[in-house]
C-alpha cells in the first residue's frame, strides 16, 4: 500500500524536550480526578507503536499489513467495551507510514516522527506449529522513536495498557503510566524483547529475563502481566505472581491465571487459524474489556480467549462481524445486569464466578458461528499461504 498523507498527524517532541522530573510532576500534579466514579467516565490509555508487518513463507512475501499491538488492542477495545468507555492511544510512526487511513490509526492517529515506521518481518515455517512452539521467526527491520513520558496525555485514566513490541515503551514511560492510570495491564513483550544488530542483517527478536531489566521493580505496581507460553520462562511466573497477577496464554489449551495464593485455567474457543499475528494482543484487549464489563479476572479471561481466537481468522488487524459483536454484547449484558468496571486499581476478584461455565458456553456458540461463516465464505484464499485453514484450532500463545 502506498504511504498515506501524514499531514494531520502531530509531530513528535524532541528527546531533550521529553524528560519529566518526578519532583516537578508531583508539585504540579496531573489534570483530572483520581477516581472512577461511573462507567461514563472510564477512559483507557493504550501505549505502543503501530508497525508495518511483512509476512513471508518459503522465501516469498505472502502479506503486508498494519501491525503493532496498539492496532490490535484498540481494535478490540473499540469494538467490545461497554457503552461509555473511551480510549486514548499513544503511538509513533514515520513519514513512510502506509496505513494512516486504516480503521485503528484513523480513529486513534499516531504521532509523526523523523525515524521510519517500526517494521517487522515474520517468517512462517512450512510445518504447522504445535500448541506451544513458536510458529514464526520474527525480525525487526526498522525501529521508530521510543515513546517518552512527556508523550503521554496529562490527565488521569481508569486503566492503561502498555503494549510495546519493539522496545518503544521505556521504563520511565511505564512508570508514568502507572502514575496516570488507576490500573495498568502490561504485555510481557513490551518488557523482555531484545533485538540482534540490524547492521548484520539480524534484528532477530529474542527474550531476556524480566528480573534483569529495569522494568522488574515496577511489577508490584502493575495489576496484570500477560505472557505467552514461550515468554513465561523469561518472566519467571513463580516470582512475578507474588507481585501481580500473571496471565499465560497456552495456545489451543486456553490460558492460565496465576496470582499470590491461587491460579485458574480458562478454556479456549474454536478458531479457523489463518494468521496468528495479534492473537495475544487481542486476548489482552478482550480481557481488559471483560474487566470493564464487571467480570472477575478469570471470567474476563474467557472474553480474552474469545477475541484471541477471533483475531487469528484473518490476516492482519481483523474486522469483526457486527452480528458477532452484537451477540457478544447481548451475552455480556445478560451476564452482567449493569456494567460496573472492575478496573479500579484497588480491588480485583480473581476467582471464577458461578456464571463462568454458562458464559463460556454462550461465547462458544458465538465462536462456532464465526468459524462456520469463515469456512463457508472463504474456503480457499491467499490467506492460506500464511496458515492452513483446513482444520479448527485455537488461539496461539
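Any Cβ shown, glycine's included, is placed from N, Cα and C.
Now, the feature entries from Swiss-Prot:
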type     : residues                     : note
BINDING  : 228, 278, 279, 280, 281, 305 : ATP binding site
ACT_SITE : 281                          : active site, proton acceptor
Conformational class of residue 228 (ATP binding site) under the three-state DSSP mapping: strand
Cα-Cα distance maximum in Å, computed over every pair in 228, 278, 279, 280, 281, 305 that the record assigns to ATP: 13
Neighbour count (Cβ, 10 Å) for residue 278 (ATP binding site): 30
Neighbouring C-beta atoms (10 Å sphere around the C-beta of residue 281 (ATP binding site)): 30
Neighbour-count leader, CB within 10 A, binding-site residues: 228, 305: 305
